[in-house]
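Data first, discussion second: the structure below is written as structure tokens.
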Amino acid sequence: MGLSSLKLLKYVLFFFNLIFWFCGCCILGFGIYLLIHNNFGVLFHNLPSLTLGNVLVIVGSIIMVVAFLGCMGSIKENKCLLMSFFVLLLIILLSEVTLAILLFVYEQKLNDYVAEGLTDSIQQYYSDNSTKAAWDSIQSFLQCCGVNGTSDWTGSPPASCPSDPQVKGCYVKAKLWFHSNFLYIGIITICVCVIQVLGMSFALTLNCQIDKTSQVLGL
């Protein structure tokens, strides 16, 4: 692999990360927008920080930082930045694998925890505007009502519930939506992991090639 191959590899890695940096900016911006307007509110009161806006801000920030290291490390041919990029990608990949294993092992406990959290949350619908916004958004998006059905609401269901008396609860509807889109979710997850592995491979290859080129040039 000569100097021309080194240039090709570094520019591929640079533009690869530049695209992801812009994606991170968009995700971060959308997350900030949701935080400002509070469109989705707080659904789980025992986890008040677990909102869509906060999640998008964290994800967008991580993508921006990692992509920035990849961009600068490749274009500057800086070994320290490239290795930082590699290590961060490795940590993220291992975290994703660990999370997937934990979700698989503790699936039933997680289901019970979510159902309990939703039941507790629905009791605060009329007393907390943030909870009201969250439930209205979910019921409108999934076309569901309550946790297990309309019977979860004391009195008449809110306007965000569909008018169909046989409408399913949001907990069941969310599980059905997840299972019906499991293939697409799996494909997206695999693609993300493959992209991370490719990024790590490019970073290591470029790092090694920088060493070889330095030796050839006598630097």
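Don't overthink the numbers, they just go from 1 along the chain as shown.
Backbone N, Cα and C define each Cβ position, glycine as well.
Record features (TrEMBL):
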- 12-36: transmembrane segment (TRANSMEM)
- 48-69: transmembrane segment (TRANSMEM)
- 81-106: transmembrane segment (TRANSMEM)
- C145-C161: disulfide bond (DISULFID)
- 182-206: transmembrane segment (TRANSMEM)
Outside the transmembrane segment (81-106), six or more residues from its ends: residues with CB under 8 Å to it: 17, 62, 65-66, 69-70, 72-74, 189, 192-193, 196-197, 199-200, 203-204, 206-207, 210
Using the structure shown, find which entry in C145, C161 (the disulfide-bonded residues) has the sparsest Cβ neighbourhood within 10 Å. C161
Cβ under 8 Å, sequence separation of at least 6 from the ends of the transmembrane segment (12-36): give me the contacting residues as numbers and ranges. 51-64, 66-71, 74-75, 85, 199, 202-203, 206
For the transmembrane segment (182-206), find every same-chain residue at least 6 residues outside the stretch whose CB is under 8 Å from a CB in it, and list them. 6, 9-10, 12-13, 16-17, 70, 73-74, 77, 82-83, 85-86, 89-90, 92-93, 96, 100
